[in-house]
Amino acid sequence: MRSSCTWKVAEVVSCCRFLNKSFGYQVIMFRCAFLILFLALGNELHLSHGTEVSVNNTENKLCLYANLMVNFSVTYEVGVNKNETVIFVLPENVTTEGSTCDNTTSTLKLSFGDGHSWTVEFTKKNKTYQVDTIVFSYNLNDSSVFPNSTSKETKFVTVKSIITNVSVDTYYSCKSENVLTVESVIQTLYDVALQAFVINGSKSDTDTVCSADMTSTTVAPTTTVTSTAAPTSTPTLPTPTTGKYSIAPDVNSTACLMATFGLQIGYKQGDKEETINLVPNMTKLGGACGANSSNLILTSDTITITFTFSNDGKKFHLHALNVTVKPATGDPVVAVNTNMSIWAAAVGSSYMCNKEQTLNVTDTLTLYTFELRVQPFEVNKGEFATAEDCQDDTTESWLVPIAVGVALTLLVLIVLVAYFIGRKRNQGTGYEHF
């Protein structure tokens with residue numbers, strides 16, 4: 001009879017005990033110990049993925065089609081003057097209940113999770129159609145997405161879309177990012193294929209390409225490419241230009257967030273590694289300031305990056321990064337990390353690091369910063385406050401690898417001790433039966 005184990009740490013232990021009784025101590029326990037360590041130290045990897053849906057009309061013919069990726073960044077209240085920011089993606093598994101198709105209007109409604117939905121309203125006029133609005137609703141009572149939320153209500157965010165003049169009997173195609181920001185919600189759309197008012201129940205093979213894709217295909221990004229078969233060193237691009245960025249609540253106000261830095265991104269695409277510089281004078285600026293959470297959004301033809309800063313009333317830090325790189329060929333490279341605690345300094349001061357810093361966002365994307373200085377809270381008179389320097393960052397960055405090294409060393413010692421104890425027991429048993 002074949003037995004099976006569900007591979008959680010506690011259950012692996014039980015499974016190992018069963019195998020030990022059946023097959024012997026030393027080999028089984030040695031392998032199980034390393035399996036337990038692998039599971040204990042393993043990180044859950046969240047990857048952006050496509051959501052593909054089809055909607056049929058009353059005649060059971062295709063009338064709406066969508067295949068796209070959407071990232072959400074939502075800042076919500078968790079206490080008095082205290083906010084948190086979460087970043088999540090539109091999942092693969094959604095329902096389309098509430099979607100409708102008509103001759104001149106159509107609605108695509110994608111529901112997911114515990115009371116969340118993303119709705120697109122289409123209208124058709126003559127030989128073209130467009131997206132009028134996108135409505136995102138999110139349920140703050142869903143503690144799995146919004147832990148410790150003080151509000152339990154469902155909120156709605158409506159944005160006007162830039163998807164217009166799509167020819168009938170074609171699908172809208174846009175691999176480039178489209179960032180939609182309203183108050184505390186940022187929606188990032190990319191790798192989008194949408195078709196409404198489908199004719200004869202068959203998706204069209206002809207596309208209407210967004211202007212951003214047409215622009216990006218004519219402007220070659222500054223990249224260097226090296227094969228991963230050969231050893232790679234630091235990026236070979238020149239040091240990026242230092243950009244100066246500031247966010248103000250309105251045109252009549254002084255800055256509430258300030259940042260200066262040069263930015264270089266290294267990323268993996270298939271079996272190649274590439275690097276690209278952010279060019280400040282070709283970058284659009286966006287973002288928002290809050291009491292406990294602030295965002296800085298930088299968008300160019302090839303890069304979109306969102307920095308999310310948080311503060312606990314005493315210190316601020318970079319809490320999350322959402323990076324998308326659009327290569328000249330191939331699919332966009334997306335990296336999201338919502339569990340960061342770097343660039344920390346006291347609220348009311350700025351953080352500064354003139355030396356080059358390397359920040360591994362994910363296994364496939366790395367940021368390199370140069371001449372960095374940021375102040376996301378309590379900026380006075382549009383000027384940086386006294387800076388806290390990064391000279392101690394290097395020491396702190398060694399803590400995690402040192403801890404992992406110690407854990408591995410202890411595990412090896414435990415395995416060796418267990419091996420010799422088991423061997424001694426077997427030898428003792430042999431003497432008793434001599």
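Cβ coordinates are placed from backbone N, Cα and C, and glycine is handled just like the others.
Residues or ranges marked as domain 'Lysosome-associated membrane glycoprotein 2-like luminal' in TrEMBL: 55-199 (among others).
Marked as disulfide bond by TrEMBL: CYS174-CYS210 (among others). There are 20 other CB atoms within 10 A of the CB of CYS210 (disulfide bond), with all protein chains counted.
The domain 'Lysosome-associated membrane glycoprotein 2-like luminal' annotation in TrEMBL covers 240-379 (among others). The DSSP breakdown of the domain 'Lysosome-associated membrane glycoprotein 2-like luminal' (240-379), given as helix, strand and coil counts, is 3 helix, 89 strand, 48 coil.
Taken from TrEMBL, the feature disulfide bond applies to CYS353-CYS390 (among others). A sphere of 10 angstroms centred on the C-beta of CYS390 (disulfide bond) encloses 20 other C-beta atoms.
Per TrEMBL, transmembrane segment is recorded for 398-421.
Per TrEMBL, domain 'Lysosome-associated membrane glycoprotein 2-like transmembrane' is recorded for 400-431.
Under DSSP, the residues of the domain 'Lysosome-associated membrane glycoprotein 2-like luminal' (55-199) split into helix, strand and coil as follows: 0 helix, 91 strand, 54 coil. Taking the Cα atom of each, CYS390 (disulfide bond) and CYS210 (disulfide bond) are about 42 angstrom apart. Using a 10 Å Cβ-Cβ cutoff, CYS353 (disulfide bond) registers 21 neighbours.
Between CYS174 (disulfide bond) and CYS353 (disulfide bond), the C-alpha separation comes to 37 Å.
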